[in-house]
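Participant: Sending over a structure as structure tokens; questions will come in a sec.
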């Protein structure tokens, strides 16, 4: 709204003001208001918040503020209602001087996000300044001899207003002698002359007093007056005359001091002293002109005595007076107009304000970082400024208004690549040669948590010996975070899970700050061979980011378990084993077998048997197999031998240090007819109590076999249905025969194997269950088999890759590499003319040809105590036709499938059955307790052997 201090605006002006206020321009984001000068404090200017599209509620949170470069206290905004009002007195003349246009430029700034609006408030002039003459009185000397229509210049008034308010009209009080002549020059200034209408007579009228009134064009009209004192002189009746009334000169603002501006020419028609002319500046000339120019009083030359500055003053109007030396002197006046020409002598000026720093690295594009204002005091092309930015990425300059730029984000930031940008803003004008100015802006990028901690590896393998002390340090994990400060502070924790029936945190812990992993309790290789868990690393950012690493902790076996003896079929006193042996048996007859297991694995579980020498150093007719534990005769027994022998068998493992156990075997030599009777008596003693147990076991075995058969049949049917469908990704495709080649580091060599793949929709096919198939065609005899190519070559002639499912502990590999060698696979015939089957065996380096060979349970895990026995080439016991191998190994599983078969003439076993791991020994014990009378009768006279052993 436009107010008038005097309240005298007409209806048309008020309407025009309202229309101008209602229809401001909305160009380049700028608002335009207008207000009259001298408005009172609190005068309404405009609803600036509403016009800028801002809500009143967000003015304070967004830090709404108004800034002006030079006039910041004249206008203010009420943050409660968003109204722009007058804060202090506005004087247009003081603000803009004689300029026709007067405006106050405001910058409206709001944050979150940063926005800048430009507001122009136009200050309208009101007629508040009356015309003012330089003095209250002007004295004019006029000779009485002047002719009619003579003209005498008088000084006019000045009005500080502009426009129509400064348009002056002059009136002269009524006079018979003079009239007022007003002439307008091309510079919009008026020249006043008194024109003589009646001849003067000094004797009648020595002086005249006239009142000159100046009236401006404002409403209401304001007036100013000056009294003209006219003194009528006698004598010198010719005044000097200039050849030009107005002199026009153009000077560059770089014109040097002492340069001649112009030369005035004035003449006087009088003679003598009355015709000598003296030049001088008019007494009312401004001080600025006096400091810039000087005039030679005799020659009329005007010279420059100080530097010009186009930016300060663009033109000068110099009033020059020519006075003769008559008495009284006569004078005349002329005007010299000096126009200053602009030169490109001012470099642009840069001002960087409203820095929004630091800037987050995830700031969106076009985010305003800083406001840049440029200015050039020159004009025209010399004052046209363009800005440029180096480097060009990732920021750019956007021109928001004339000479106003915004530094905005042009592409994505990454603090990890560069955290501080040093920018140089260059402002260059359009002059020739052009001038420029630069400003440096340092933009710091604030970190955002956009990088998760990263481990050097995705998986670590750690080897720890068992029986470690509680709280020992086993490994240190370390993750690096590319962020900074709290976003890079990494803490570590366990990814909790169950290990068996216990929580993972009961086994290990991780220090949050250092990442050190500690074992909280002693680890037992026999209980836990591999402990696999994950450690999580999280930073301290918001929100926190994290990553996991997998630790595979292999518990290395130590020899901490001594061999344990297994109970025999026939028990003696004090834990000893009693055996009855007929006299006159041949050499090599098996008398008894000592069975022992070791809970350790690898070499620590590899047992050897030694027979302790008898007391007194007497030689005994018995020996024990180094790795089989079978006690056999070394020669034919005769009548000269003792009737009772007490044999001490030392069972020792191969650990460091070795642990031992001692078994006692009581061997009684009896006559050939007494052995069956003794056996019969022993059988009668146990047949009665165990009869019922035998029947229960038989039914239990039948039920287990039935359920197992039904399960196998279901699996086979399911597999057939799945594999009969068109394969999608080859999951059910028949696997190629895979050969695992022997090597010195512990891999096994076996013949062709056929994999039965069980398909599942939840993942890739499983191949851990294997059944061995014949590796040679059935038509080949033993001699032809030797001529066949190596079984570990595929059809293309290249060695096949080892099966990755065969895994061994470190101790087992070391033992096998040092003392155990791979032997050619034992040949097992399926029947007369049937195919030969090759099976993996591991033989010891024993020098005894008749000694047996023992195979450790490869891949069986730590809890398996079953060993596969293979007779040597000198032993008559070989795999017969139709027999199956003693054991199957399931790769990747701690179980060994043991298949036990009795001879065809044995009528005691109800069925063949399969045992797994240690459970096999338990079933053996139960089976030994069955009193098999029939078998003992048929084997009368032979040595008692356990044909059901492996």
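Quick reminder: no glycine exception, Cβ is built from N, Cα and C everywhere.
As annotated in TrEMBL:
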type	residues	note
SIGNAL	1-29	signal peptide
DOMAIN	28-133	domain 'Cadherin'
DOMAIN	157-242	domain 'Cadherin'
DOMAIN	243-350	domain 'Cadherin'
DOMAIN	351-455	domain 'Cadherin'
DOMAIN	456-565	domain 'Cadherin'
DOMAIN	588-678	domain 'Cadherin'
REGION	752-808	region 'Disordered'
REGION	827-856	region 'Disordered'
REGION	871-950	region 'Disordered'
COMPBIAS	909-923	compositional bias 'Basic and acidic residues'
Participant: State, in range form, which of 28-133, 157-242, 588-678 has the highest count of Cβ pairs under 8 Å to the domain 'Cadherin' (351-455).
Facilitator: 28-133
Participant: How does the domain 'Cadherin' (157-242) divide up by DSSP, counting helix, then strand, then coil residues?
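Facilitator: The domain 'Cadherin' (157-242) comes out at 4 helix, 41 strand, 41 coil.
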Participant: By DSSP, how many residues in the domain 'Cadherin' (588-678) are helix, how many strand, and how many coil?
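Facilitator: Counting residues by DSSP class gives 12 helix, 39 strand, 40 coil.
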Participant: Please work out the helix, strand and coil residue numbers for the domain 'Cadherin' (351-455) from the DSSP assignment.
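Facilitator: Going by DSSP assignments, the domain 'Cadherin' (351-455) contains 4 helix, 55 strand, 46 coil.
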